[in-house]
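Working notes for the structure below.
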Amino acid sequence: MDTCNRARRDARLDVLQSASGAVLALFLCIHLFLVASILLGEQTMYHVVKAMELGFLSADGLHGYPWVVSLIGLGVGALIALHAFIALRKFPQNGRQWRRLGHQLDTQAHGDTRLWVWQVATGFALFLLLPVHLWTMILQPEAIDPWRSGERVRDLGMIWVYAPLLLVADLHAMIGLYRLALKWFGPQPARRTLLRRLKTGFSLAFIGLGALSLLALWRVAPPDGSILYLTQSTMERPR
Ligand code: HEM
């Protein structure tokens, strides 16, 4: 492939990576708000879940179609795979390149290079943590509601996945958006400072919101075993 064609292909891949990253970051923000509906009460989250399953289209206006959630999960999974695959080409490819990066980090205090390294590290962590969550959502979409979600968080140990996932997903998304904004809208010093502040502010806000949601889910998890008595048509917390 000649240089001109290679440059054109790289430019296209760059746009694709930026666009897929922006869509995924937007998904994460909306997702955190949807889960945060638990902060407004168990019934609110239940109705939000049913709305995501398009329950309003069913005869009784409530029973949804959980496979819709599986489809969304598959779409998100495919987008993540594409995003990660394109990102791989920017990683150091051999020992020499890793050593050079290490040397640069040791000798130059360049904040944005450090942020790039954080993005690589959180990307790796996502690669390990996210499949556990995404597969559960794709394979058991009918098991999403305040009580079953609460049971997953408290009794099935998913808190140990969600707490670190919340941190790395959020940092990855916010650093990504910051870098995207610098790349496409220009790196003037005043803008850089403002964007950095926004990045830190939004990261803290989303991590706080996610942590509160996890606490609320933990709190509404029904007593041991009573989840067995919960049916999809029961909108009441099992006792
Ligand atoms: C269609 C795909 C997805 C669905 C349906 C979904 C749904 C949910 C639900 C219902 C919870 C509450 C806990 C539970 O029920 O186990 C949750 C928690 C969480 N999810 Fe997802 N999720 C999806 C994809 C993702 C992706 C792609 C990410 C990260 C990039 C993510 C990050 C999180 C985090 C960090 C939590 C912890 C709770 C919080 O802090 O709000 N999820 N998700």
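A Cβ is built for glycine as well, from the same backbone N, Cα and C atoms used for every other residue.
In the structure as shown, the Cβ atom of HIS133 (heme b binding site) sits within 10 Å of 16 other Cβ atoms. The annotation heme b binding site is assigned in TrEMBL to HIS31, HIS83, HIS133, HIS172.
According to TrEMBL, the transmembrane segment annotation covers 21-40 (among others).
Counting same-chain residues at least six beyond the ends of the transmembrane segment (64-88), those with a Cβ under 8 angstroms from any Cβ of the stretch are 13, 16-17, 20-21, 23-24, 27, 49-55, 57-58, 123, 127, 130, 134, 137-139, 141-142, 144. The transmembrane segment annotation in TrEMBL covers 64-88 (among others).
Away from its own ends, the transmembrane segment (115-139) comes close to residues 69-70, 73-74, 76-77, 80, 84, 87, 91, 101, 105, 152, 158, 161-162, 164-165, 168-169, 171-172, 175-176, 178-179 of its chain (Cβ-Cβ under 8 Å, at least six residues beyond either end). Annotation comment: TrEMBL describes 115-139 (among others) as transmembrane segment.
Summarising the annotation, TrEMBL assigns transmembrane segment to 159-181 (among others).
For 202-221 (among others), the entry in TrEMBL reads transmembrane segment. Beyond the ends of the transmembrane segment (202-221), by six or more residues, the same chain brings 28-29, 32-33, 35-36, 38-39, 42, 146-147, 149-151, 153-155, 159, 162-163, 166-167, 170-171, 174, 237 to within a C-beta distance below 8 angstroms of the stretch.
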Diameter of the heme b binding set by C-alpha atoms, the set being HIS31, HIS83, HIS133, HIS172, in angstrom: 18
Binding-site residues compared (HIS31, HIS83, HIS172) - highest count of Cβ atoms within 10 Å: HIS172
Same-chain residue ranges lying at least 6 outside the transmembrane segment (159-181) that approach it to Cβ under 8 Å: 18, 21-22, 24-25, 28-29, 112, 115-116, 118-119, 122-123, 125-126, 129-130, 132-133, 153, 195-196, 198-199, 202-203, 206-207, 210-211, 214, 218
